[in-house]
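Peer 1: Dumping what TrEMBL says about this protein:
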TRANSMEM  12-32  transmembrane segment
TRANSMEM  39-57  transmembrane segment
TRANSMEM  69-88  transmembrane segment
TRANSMEM  100-116  transmembrane segment
TRANSMEM  128-153  transmembrane segment
REGION    208-253  region 'Disordered'
COMPBIAS  219-235  compositional bias 'Low complexity'
COMPBIAS  240-253  compositional bias 'Polar residues'
Amino acid sequence: MVTPHGQRLSLLYGTPGGAVEIVFLVACGYLGDKYRNRILISSTGMITAIIGVALIVGLPLENIKGRLAGYYLTQASPTPFVCLLSLISSNVAGYTKKTTVAAMYLIAYCVGNIIGPQTFRPQDAPRYIPGVITILACYCVCVCIILFIYFWCRRQNVLKAKIRAQPGYEKLENQEWLDLTDRENPEFVYSLQEQILRNRRIIRALQQPHETPPPPSNPHTTSQPTSPTKHTTPPYSRTFPASQSSRANHSCL
């Protein structure tokens, strides 16, 4: 029988788990942006959670501090969840496909929250080994899925680059605005942070102004007297009547 004092003590012990989750989310986000690899960095949170579950399963009940530390480590598991949410918007193209993937993701999340508590049965107390092993297996599957997504996206980017490099390849007009899925559109590139960094460097290099050196001055030339310049109004600065300017403003909206 659990007393009210025991319930309050359990809540008190579980409170630092939220702080651990926040620290891992912020740290994985920072490291993912620093090393330009958000997918692989997010998997470290799930690997940390696997270590925590292993501590809970392997340590005896008398080792309260070790099992409590394992519980705190399991709170790092939401980091891949946040990463995969961003991948839905960046790595899935096509209106119907993107809507379907988002709906399936939400449905799977809800189904997991419904099934998960059912694995902790009263007859398995106090260690609840079947339920904890189920969590451990799900975490391992999540790590495999994350790694598969990363390497699959890299391979697809290489294959699409080869398609675009073929001599007979022709890009359709406004192809990026067509309602094509990411598999159908050869111009679609799956978002990986290292590729984003490379593209930023290329764009930055193209945007740098090319300064031309001034022509060398000839000391033997004599300065000619400058004639007063005539200020003429260029054709693009001509003023329009109020009616025409308002009509032009309406046409630009």
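Note: Cβ is positioned from N, Cα and C throughout, glycine not excepted.
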Peer 1: Determine which residues of the chain contact the transmembrane segment (100-116) at the Cβ level, with the cut-off under 8 Å and only residues 6 or more beyond its ends counted.
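Peer 2: Distant contacts of the transmembrane segment (100-116): 81, 84-85, 88, 92, 134-135, 138.
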Peer 1: Short question: most Cβ pairs under 8 Å with the transmembrane segment (128-153), which of 12-32, 39-57, 69-88?
Peer 2: 39-57
Peer 1: Sequence-remote contacts (6 or more beyond its ends) of the transmembrane segment (39-57), Cβ cut-off under 8 Å?
Peer 2: 24-25, 28, 31-32, 66-67, 69-80, 82-83, 87, 127, 129, 132-133, 135-136, 139-140, 142-143, 146-147, 149-150, 153, 192-193
